Amino acid sequence: MMCLTRISNGIIGALETSFYRIGQVVAGHPVATILLSIVTCGLCGIGLRNFEETRDDAKLWVPQYSRIIPEKKWVNENFPEETRITSFLITSDNVLSTSSVNAILDIYLKSKEFTVTDGHSLETMCLKLGSSCRISSILELWSFNETIIRSLTSQEILETVNNVPAFSPVYGMNFDISHILGGISRDENQLINGAKATSMVWILDKQEKVQFDDEGYGAVNADTSLLIAGFSIVFVFVIVVLGRVSMVEHKLYVSLAGILSIGLAIVFAYGIAMLFGVMYGPVHALMPFLLLGIGVDDMFIIVEEWRNLTKEEQKLQLKERIARALKHSGVSVTVTSVTDIVAFGIGATTVIPGLSAFCIYAAIGIFALYVLVATFFVAVLTLDEKRIEQSRDGLVPCYVHKNYTPNRCSQKNFCQLFLHKVFCPILMKLPVKIAVLLVTCVLVAVNCWSFTLMKQDFDLYNYIPTDSYARGYVKATNMFFPSAGDHVAVYCDTMNYFHNKPLLEEMDRRIREDPHVLNGSVAFWFTAFTQWLKNTPNLNIRAQLGADSYPLSEEIFHGLVLTFISQPEGMAFAHMLKFNTGKTPPRIRASFIPLKHTRQTSSAEKINAMESLRRVLDGTKFPDGKCFSYGFTYLNNETNKILQEELYRNLALAGACIFVVTLVLIANLWTSLLVFSCVVGTVVDVIGTLQFMEVTIDNASSILIILCVGLAVDYSAHIGHTFMTISGSKDDRAKVTLVKIGPAVINGGFSTFLAFVLLADSNSYGFVLFFRVFMSVVVFGLFHGLVYLPVILSFIGPAPYESASESEWKDSNEPEVASASPSSNMMTMVQYKANGEACVVTKTDQNGKAIKENDIELTGSPWISAKHLYSHQSTPLLADSIHSHVDRCITLVERTQHVSSV
């Protein structure tokens, strides 16, 4: 313990000395500091020339060792996305009535008349199969013939629907009525007698720009104005908190400098990261929010310490005052900044590239902000204080207010007064302390249980705006087509398709038998081709077949495949094949098989479905090639496979590193453990609360949860560090800590809340998620930092630093303690006992005559309880720590033989 104490004193002393010197340099050369900061960040910003936003999900969210990375690359090279789907969902009491079928026909005819300003129409934009646009609809049953459809009766419609051909009469592809009709009702003979919904799908060339995802982006763009408004509110709040309500002492330009320092940190971080090729993704838009929460908090800490300078310190020269304010606040800012940097540094080791890149940007940004707050912001604060000393106007500095005297009201810190007069006296009552500990335990226990229920599930439906027609579409689709799941495909590379017939047929059979593959959704060109060969009446073709109706040679096989895809029965499969045209006839070099999974209700089930199909394909061993499954949703599945594990890993490693860094910087094991308990409690409470709000673990929530670790440190670390810098009884130290640093912590938390409060009613799930996470962090962070931590410190807090000082704030229930002066009736002496065993605390009168003398037991007597002993060098001695720190008492007395009460 003695060794740890010496290390503690050494670390804190070194940090305080460093910040004291930095303060002197900055205050001595404020203009040069400002210019140097701007120039440095500007030079680093040159890296922004390399700006390029990455939107490829495979590069952002999928581990680069995953098998899907080379598979996706192969698909993009061989089957680049050339089409897109536009679909209608038509609902009615019965879509099979004559009026409904005619209405569907009207929609079809209207779509053919559709034109846009650049001259495009459905005919020019659709995917053509022969001369016809590829449109999936119930109207296929009547070949889209308007005359026939208009003349249909209800009975004829039902007869056609109940006698559906196996293949579409228009396109020759598999036709399953259950994929077209939803909410089907049947009679006692299991014949269809009605349906509630039907789908109509257009397959278009990928040339237009509007996408389904634009519904989500549109909501984000619409709500960006709310975010800007939130930042404006924060800016106004910062002006109010940092300054005072007077023409001279309001700090408009200091507040602007604070916001500018965040902007400079962003330029620095983006420039450095992009210079070294770290990718930038959509999630990096969160950076300003993170730096706003951390940066504003640091500014509040510095300004609060500036205001907390003692009356004697306030009489010093400005340069000295700035140095002392930074000396007091620098360690606290260092604790939070370094822990945040380490937390995000750990996050950068994740295997998820997008998350790793974000953490790198965040770590660099926090480092830059840490330096800028201690230099650029302090330099502006110095210039502003010079202006105030000269009574210059806060808005127009060239105007000097003559005989300026601030009004009394403007000089009051109402938050500090509330903490001192109301909050602290109530909080420090024993029944309240016990209640706080009980509430904390219950909160953590309940949220810990909720934490265990947190599901890992990414659902794109959540990110569709609540007021969007697309959300209604998805909801109706899930209702009327509950069995249809994700679209995927099986891709096969170059192989000898002719010789691999048995393996291809076996693979097709196993795919169709997979319980996670939707019945009737598999459209295998090879199966359709062999079926066509068996049924073709063409004698020339049959002459090229063997007894098993299969081509006699490989050359014949490839020639007949080309013939097949030129026929009505095979046109729909043409885009599923790629040929090597360097040979005659061209050989198949790649192919794919479209299919659908059954609907899966969770990420775990989707992963299971993906792995099930992969096992089928991996189990089919082709001698000269391979087949694999791929779909866009597989990218999310690959991320979800490791997302929860990565999140918990990052939380655990970040927590461990935060504890180590906190221990090194706070330099006290017990305080570090208590601060760490606050961080853990806050994170558990946040995640548990999010689970109650039905938030699941996905890409966005994972990043926000890691952010909350960094923010959670701030609230408790400031309190823990400040507690160690104050002498007195534990209760008094807890009270003074809250009064001294509490306003800055409250203001920092409240400013973070204000930035997001307008997003509470957003139509964008992403923004609502921001609000929920940051609101939870602020609420639980402030609770653990301002309520739980002071209470637990008042019970089991450790002794203060050797350099600790007494605050001028006194408990409202205590009588004022007079300073030692010639008019004092009594004074308290601390003397070193000759035998070196203890300190002697002696109460004397004005003439030095001993009135009462005791050894250490005097700690609890009324006249010495909760009072602090000071030397003429402002070296404090805690009366209630004499019991356990006799050696420290002796050291102090050796250094100064006379310690008088204040």
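Any Cβ shown, glycine's included, is placed from N, Cα and C.
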Practice problem: Among 661-679, 699-717, find the range that TrEMBL records as transmembrane segment. | Solution: 699-717
Quiz item: Which is it, of 157-180, 325-348, 517-540, that TrEMBL names as transmembrane segment?
Solution: 325-348
Quiz item: So are the transmembrane segment (434-454) and the transmembrane segment (226-245) touching or not, going by 3+ C-beta pairs under 8 A with a sequence gap of 6 or more?
Solution: no
Self-check item: Intrachain residues whose Cβ lies under 8 Å of the transmembrane segment (699-717), provided they are six or more past its termini
Solution: 61, 283, 286, 290, 293-294, 297, 332, 335-336, 339-340, 343-344, 347, 354-355, 358-359, 362, 366, 458, 639, 643, 646-647, 650-651, 654-655, 658, 662, 666, 675, 678-679, 682-683, 686-687, 690, 745, 748-749, 752, 766, 769-770, 773-774, 776-777, 780-782, 784-786, 789
Quiz item: Are there residues at least 6 beyond the ends of the transmembrane segment (765-789) whose Cβ is under 8 Å from a Cβ of it, and what are they?
Solution: 216, 220, 223, 226-227, 286, 289, 293, 427, 436-437, 440, 443, 462-465, 674-675, 678, 681-682, 685-686, 689-690, 693, 695, 700-701, 704-705, 707-708, 711-712, 714-716, 718-720, 738, 742, 745-746, 749-750, 752-753, 755-757, 759
